[in-house]
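Q: Feature list, courtesy of TrEMBL:
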- Tyr91: active site, proton donor (ACT_SITE)
- His147: substrate binding site (BINDING)
- 58-312: domain 'NADP-dependent oxidoreductase' (DOMAIN)
- Lys116: site 'Lowers pKa of active site Tyr' (SITE)
Amino acid sequence: MSAALTAQLTLRSSLRSSLRPLSRKLLIPATRAYTMAGPLDFTKQTFTLNTGAKIPAVGLGTWQSKPNEVREAVKAALLAGYRHIDTALAYGNEHEVGLGIKDSGVPREEIWITTKLDNPWHKRVEEGIQSSLKSLQTDYVDLYLMHWPSSTDPADLKKHYPDWNFVDTWRELQKLPASGRVRNIGVSNFAIKNLEILLNDPQTKIVPAVNQIELHPNNPSPKLLAYLKEKGIHATAYSCLGSTDSPLYKDPTVAEVAKANNKTIQQVLLKWGLQRGTSVIPKSVTASRIQANFDLNGWELSKEDVDKLSSLKDRFKVCGDAWLPVKVFFGDDE
């Protein structure tokens, strides 16, 4: 791992393929409808992206997982039935993810892999995807995201490239699907303001398939979700359980809904996200919790329960932008 990446990881701890042209008149929002294998079979649910690809609704997140734990977690998740694994160059665990996939014995073509371009690599998109593919030990990824709408200078992570912005990065990302090494491209941590900049730029020829954002009842982001739906961009929820010490685990309303449904708080939070039309990528390295987070079939929350969780008054974000050289959250993500 490079010194710059190590430094950034430290800093963050304080924290197919039909390509659709962008046309104001012909832009047709992707369907938010999901498909299921059977009644309330949520673990086989998929969401259809604006490319026609189907992303599994439930995946395993690997952010902030400790070294040497990710391999076993990925294997356990795939053996439990997960078919969606989320990682990133910045997490420093793509190699372990690749090993876990191989250990599981699940065929590569059955697995959806998402990874992300790290901030210091914004000027080196080709090198970034090559690095990720090599680490993951795969010929392609299903989804490649721009991790943040901010570059960082590898020589000084508190600075960004003054002659380069995220539209320039997107211009380079748009070249990747034609190579077959990337099936879909998208963004992460994009608020409405930055999405407007991206979508209205003449260099933008492909609408992002996905915006991966922090979503949970204390950060429900209804305006951003409505905007994404209008533009045909699917939302994937990270930190969908809050954080390790999430206030949601102590919230009386969340506890009440969980008790009424005879489910864990985590299961209720995941089902809330799914029923709002977002894919979810809960993180865990514990086999029992990985399984529990996947026990989502045969039941659903009532509209009243969903509304209760959507109406919690407290607000918090696991991920802020103070560590970045530029501001990326403007309040329009709420």
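Note that Cβ sites are derived from N, Cα and C of the backbone, with glycine treated the same way.
Note: TrEMBL annotation is automatic and uncurated.
How buried are the listed features, and what sits near them?
A: The Cβ neighbour count for Tyr91 (active site, proton donor), using a 10 Å radius over every protein chain in view, is 22.
His147 (substrate binding site): 21 other CB atoms within 10 A of its CB, across all protein chains. In the three-state DSSP scheme, His147 (substrate binding site) is classed as coil.
The average pLDDT computed for the domain 'NADP-dependent oxidoreductase' (58-312) is 96.
Just so you know, the Cβ of Lys116 (site 'Lowers pKa of active site Tyr') picks up 27 other Cβ atoms within 10 Å once every protein chain is counted.
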Q: Give the helix, strand or coil assignment DSSP yields for Tyr91 (active site, proton donor).
A: helix
Q: Where does Lys116 (site 'Lowers pKa of active site Tyr') sit by DSSP, helix, strand or coil?
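A: In the DSSP reduction, Lys116 (site 'Lowers pKa of active site Tyr') maps to strand.
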Q: Can you tell me how far the Cα of Tyr91 (active site, proton donor) sits from the Cα of Lys116 (site 'Lowers pKa of active site Tyr'), in Å?
A: 9
Q: Where His147 (substrate binding site) and Lys116 (site 'Lowers pKa of active site Tyr') are concerned, what is their Cα separation in Å, rounded?
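A: Rounded to a whole number, the Cα-Cα distance is 5 Å.
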